[in-house]
């Protein structure tokens, strides 16, 4: 009888609320402690390990050029990958079997092989397709980087677009066709706007990943942030000053990009577009 009363007491709503509150506070305490430790570590590095003189004389000039290069590559690759990804996504839901298979094969290849391998194929392989001395680029590193990032991320965006299209109720297309719109008009005017809204979060996440993928471009001798870090570190034997600059440079791109995506999501949300 006593055991029954004890079990009943433990299962009362008041006890469940107490347990939930305790877990919440424990979670907040652990998160706060972890955040504090990270903040202390970062503060120690910035105050005691970063050399202001080196930062001004050596690091800043090299990283300024590298940051501009990365920003150009990111902007061009992002625009091209989104445009290409829309076509890939449309191909995945095409009524033509051949088009669907081509789009599926494209996605399987670029999602199934490493980006670094794809960059090597483009950078080292494509120039050999031209006769000796006739390749149109004297320095193919940046164009190869843009092509590689575009092709790779278009595959992921294509899958996001496909998922967005398939999440739109089929009755939307049927209603548009019943109003006399063609298949292309129905996709453009009715389905794609809703699909874009559904896929926007995944597309935004992919664009943040694209920014971080530029770190791989150092293998193509692209003068980007990691290349600048290696040059400064090898010449000064000071790793922490360039490390801090690299982290800040990437965050200067990814944080605003994340804010832009969040803004677009709010604008695209019919319920929260005006909030």
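First residue shown is number 1, and so on along the chain.
Backbone N, Cα and C define each Cβ position, glycine as well.
Small disclaimer: the values here were computed from a predicted structure and weren't measured.
As annotated by TrEMBL, domain 'ABC transmembrane type-1' applies to 67-261.
TrEMBL lists 25-46 (among others) with the feature transmembrane segment. With a cut-off of 8 Å between Cβ atoms, the residues of this chain six or more beyond the transmembrane segment (25-46) that come close are 240, 243-244.
Among the features that TrEMBL reports, transmembrane segment is placed at 66-88 (among others).
What TrEMBL records for 109-130 (among others) is transmembrane segment.
According to TrEMBL, the feature transmembrane segment maps to 240-258 (among others). Away from its own ends, the transmembrane segment (240-258) comes close to residues 45-46, 49-51, 54-55, 59-60, 63, 66-67, 70-71, 74, 204, 207-208, 211-212, 225-226, 228-229, 232-233 of its chain (Cβ-Cβ under 8 Å, at least six residues beyond either end).
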